[in-house]
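J.: Would you mind keeping the following structure in view while I ask a few things?
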Amino acid sequence: MAVEAPNVSQDSLITLEASLLNVSGNVPLHNRFRALFTLKALKNDEAVQIISKGFADESALLKHELAYCLGQMKKTSALPVLESVLSDEKEDPMVRHEAAEAMGAISSLDAIPVLKKYLSDSNRSVRETCEIALAKIEWDNSEEGRKHREAIVSAEQLSYTSIDPAPPTSGLLKGKPAPEDASEENITNLRTTLLDKSRSLFERYRAMFALRNIGTDAAVDALAAGFVDDSALFKHEIAFVFGQLLSPHSVPSLLDVLRNPNESDMVRHEAAEALGGIATPEVLPHLKEWMQRPDAPRVVRESCQIAIDMWEHENSGEFQYANGLDTLAAAVSA
C-alpha cells in the first residue's frame, strides 16, 4: 500500500513556490532544498509544475536536484520539462544527466525515443545515463520487473524506497538480505561484477545496489573500490549509495573524494551530501572548509552548504528533513 501524500492548502503551495524559486532573493539554498523535498512529497501535478519552474535558476546543483525529485515523483506530467532539459546542450551536463535518469525513474515508454537520441551525446555522463535509463525501462517492462512490482504491496517490504537507476541483482530486490547474501563469496562476486568494465553499466549498477542492500562493512569496502573507475557517473552513484547506506565505515573514502581537486565536481558533490547525511562529528570541519574555500568549484561549495544543513538536521532531533512548511512558518513568525 503506497504512502499517502500530504494535503496542503493553496496558500501553502504558493509559499513553497516562493521559497523554492527564491522570489524574495534572500532564501538560503538549504531552505530552498527543504521546500523542494516538501513539494516532492506531495506527488501531484501541481507540485510538478512548481518544481519545473526552478530550471530557470542559475545553480546547477539546485537544477540537478529538481530533476532528481521529478523522477522520484514518477509523474508522467514531468516528462516534457525533463526532455527539454536533456535536449538543451547548453545546460550543465550534471543537470542533463539527472534529467535522463529521472526519465528512467518515471519509466514511461514515451521517453525511449529521446533517450535513444542522446546515446551519442558529446558528454560521456549524459550518454551513459541514457544507456542505463533505457535498460531500466526495458527491465521494468520485463517479466522479472512486472513480477517484482506485483510482489511489493507495501513500502515496509523495502529497505530503500527510492526509485534507483537500476534494480539490485536478483535475489536482493526486496532489500532484505539473507545470511548467505552477506557471505564473503557473494560479496566478492558482486565486487567483481561491479568493477568489470566489460559488463554493461546496468549490470554493474545492479551489483552496486545489491551491495548497498547487503550493507556490511565488507560491502562498503567493495563499493569503495569503485572510486578508481574512470566514469564520473559510476563514481557519483557509489557516493549516492553511501548517502543511502549512512555507514560511518564509508567516511574515509568519501572524504578522500571530497578533498580530491582532480575528481569530477559531480562526484565530489555527491560525496559531500553523503557525508552530511552520515553526520558523524569528524565530517563537519571538512564540510565547513570546502563550503568556504575559494578554490572549490561552486557545485562543491553549495553541496557542502546543503550537507551542513543535513548534518545539523541529523543531530538535532528534528522529525523530518522535508519540513519546508515548518521552516517557512518559523521564518515568518520571527
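Just so you know, the numbers here start at 1 and follow the chain as drawn.
Backbone N, Cα and C atoms are what each Cβ position is placed from, and that goes for glycine too.
On a predicted model such as this, the values are computed, not experimentally measured, just so you know.
Copied straight from TrEMBL:
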BINDING   HIS64, GLU65, HIS97, GLU98  Fe cation 1 binding site
REPEAT    78-118  repeat 'HEAT'
BINDING   HIS236, GLU237, HIS269, GLU270  Fe cation 2 binding site
J.: Please spell out the DSSP helix, strand and coil residue counts for the repeat 'HEAT' (78-118).
T.: 34 helix, 0 strand, 7 coil
J.: Taking the mean position of the Cβ atoms of HIS236, GLU237, HIS269, GLU270 as the Fe cation 2 site, which residues outside that list, in the same chain, have a Cβ no more than 8 Å away, listed in sequence order?
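T.: After dropping the recorded site residues, what remains is ALA232, LYS235, ILE238, ALA239, PHE240, MET266, VAL267, ALA271.
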J.: Measuring Cα to Cα, how many Å separate GLU270 (Fe cation 2 binding site) from GLU65 (Fe cation 1 binding site)?
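T.: Approximately 11 Å lies between the Cα of GLU270 (Fe cation 2 binding site) and that of GLU65 (Fe cation 1 binding site).
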J.: Starting from the Fe cation 1 site formed by HIS64, GLU65, HIS97, GLU98, give every other residue of that chain whose CB sits within 8 Å of the mean position of their CB atoms, in sequence order.
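T.: Output for this site, in sequence order: ALA60, LYS63, LEU66, ALA67, TYR68, MET94, VAL95, ALA99, GLU101.
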J.: Looking only at HIS64, HIS97, the binding-site residues on record, which one has the least crowded Cβ, with the fewest other Cβ atoms within 10 Å?
T.: HIS64
J.: On a simple 10 Å Cβ count over all chains shown, which one of the binding-site residues HIS236, HIS269 is most densely packed?
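T.: Of HIS236, HIS269, the one with the most crowded Cβ is HIS269.
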J.: For the binding-site residues listed here (GLU65, GLU98, GLU270), which one has the lowest count of neighbouring CB atoms within 10 Å of its own CB?
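T.: Selected from the binding-site residues GLU65, GLU98, GLU270 on minimum Cβ neighbours within 10 Å: GLU65.
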